[in-house]
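So the structure is just underneath, and the comments pick up after that.
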Amino acid sequence: MYSPNTFNSIVFSLLFCGLAGGIKRVSALEPGSVNGICKSLVEPHDFACEEHLVITTDGFILSMQRIPSRRTNSANGPPVLLQHGLLMDAATWLMLPPESSLAFVLADKGFDVWLANTRGTKFSQGHSSLGPDDPGFWDWSWDELVAFDLPATLQYVHDHTGQKMHYVGHSLGTLTALAAFSKHQLLDMLRSAALISPIAHLGKVTSPIARNAADNFLGEVLFWLGVKEFDPRGKAGIQLLVEVCAKPGVDCVNLLTSFTGQNCCLNPSVSQIFLTHEPQPTATKNMIHLSQMIRSGTISMYDYVDVIQNIKHYGQPTPPEYNMASIPTDFPLFLTYGGADALSDVNDVQLLLDNLKDHDGDKLVVQFREDYAHADFVMGENAKQAVYDPLIAFFNLQ
């Protein structure tokens with residue numbers, strides 16, 4: 001196992017050298033191009049891969065990849081949809097060697113694997129009438145991911161396979177699913193859900209970068225509302241990082257640790273793969289929404305702050321809350337979290353578990369890894385044995 005500081009130093013050097021040099025951003029590429037996810041990350045490992053496009057009801061054109069089961073007798077294996085987290089894309093599930101990356105492991109185990117890419121990420125920048133340079137293209141937060149992206153991707157997989165599917169979400173990919181489940185939505189297309197580094201409550205986040213960034217977004221909200229797209233590698237993103245790194249108690253030499261917590265199990269070789277594909281853009285409105293959650297500790301829809309605007313959007317002066325306690329108690333859930341995670345903090349996860357206290361005992365599996373932080377779950381070199389094998393065993397029982 002490599003020292004976490006070794007990985008941190010590589011990420012720090014590559015990211016900041018890249019930012020200073022102005023890493024070229026490639027946007028809105030055709031998903032099937034030579035630089036697409038299938039061509040660049042899947043097919044080189046001798047896995048079959050299909051590129052798909054999904055259109056949401058509000059006009060966004062989302063890229064999806066399908067990795068069919070490698071078992072010759074499992075042509076119609078159970079489908080599973082993998083949903084990445086904030087500032088990431090489907091590369092999340094493909095950065096480890098084939099024998100360790102969750103997407104490949106699932107395909108080898110007979111699952112029909114589908115990879116989602118959230119609106120605004122590199123290969124999901126299409127729209128029926130808007131382009132990324134239009135302010136309206138970025139007028140969304142994770143509320144819209146719940147209302148549009150998640151239903152569209154689930155429906156697409158369901159229509160193409162004719163089967164209910166399993167769902168795996170990491171970080172923000174768990175929040176959108178939990179929000180939908182709390183409204184009893186989409187459950188008729190699902191067999192079960194695995195929530196990795198679950199995000200619901202955010203009031204106890206210990207990440208110095210996340211907390212200081214949230215203060216910046218909310219304290220300078222008029223400025224940020226003028227920056228529709230939040231690109232971590234763009235001018236505003238770099239300036240935010242510079243300002244946050246100047247704050248007392250923020251150690252940006254150990255950049256990844258300051259953001260995610262002290263990851264235990266990252267191999268330095270994954271850092272170059274990570275920085276080739278990540279981080280990805282998102283809407284500034286989405287960042288403000290998450291910042292509101294960090295400050296308030298509640299799980300509410302986006303707060304327009306202005307009472308008139310809230311009434312216009314919600315019919316009430318304050319934004320509605322998502323009630324995690326209303327998730328159906330008989331829906332199978334696998335939840336795994338880490339003791340060193342600075343974003344999915346153990347105290348916030350405990351609040352979620354308190355919300356789920358009435359869940360049927362045989363429908364909720366909870367796994368705790370004392371040594372894991374936020375990135376270990378998707379990039380840890382022992383994640384297959386520590387997390388993925390138990391997750392697949394859970395799927396096989398559903």
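Yeah, the Cβs are placed from backbone N, Cα and C, and that goes for glycine too.
Note that the structure is predicted; figures quoted are calculated from it, not measured.
Copied from TrEMBL, the annotated features are:
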ACT_SITE  SER171  active site, nucleophile
ACT_SITE  ASP341  active site, charge relay system
ACT_SITE  HIS374  active site, charge relay system
DOMAIN    40-95  domain 'Partial AB-hydrolase lipase'
SIGNAL    1-28  signal peptide
Nearest-integer angstrom distance between the alpha carbons (Cα) of HIS374 (active site, charge relay system) and ASP341 (active site, charge relay system)
5
Using a 10 Å cut-off, grab the number of neighbouring Cβ atoms around the Cβ of HIS374 (active site, charge relay system), all chains included.
27
Same chain, |i - j| six or more, Cβ under 8 Å of ASP341 (active site, charge relay system); the result in sequence order is SER197, THR260, GLY261, TYR372, ALA373, HIS374
Summarise the domain 'Partial AB-hydrolase lipase' (40-95) by DSSP state, stating how many residues are helix, strand and coil.
11 helix, 19 strand, 26 coil
With an 8 Å cut-off on Cβ-Cβ distance and a minimum sequence separation of at least 6, pull the same-chain contacts of SER171 (active site, nucleophile), or say none.
HIS84, GLY85, LEU86, MET88, ILE196, SER197, ILE199, LEU343, SER344, HIS374
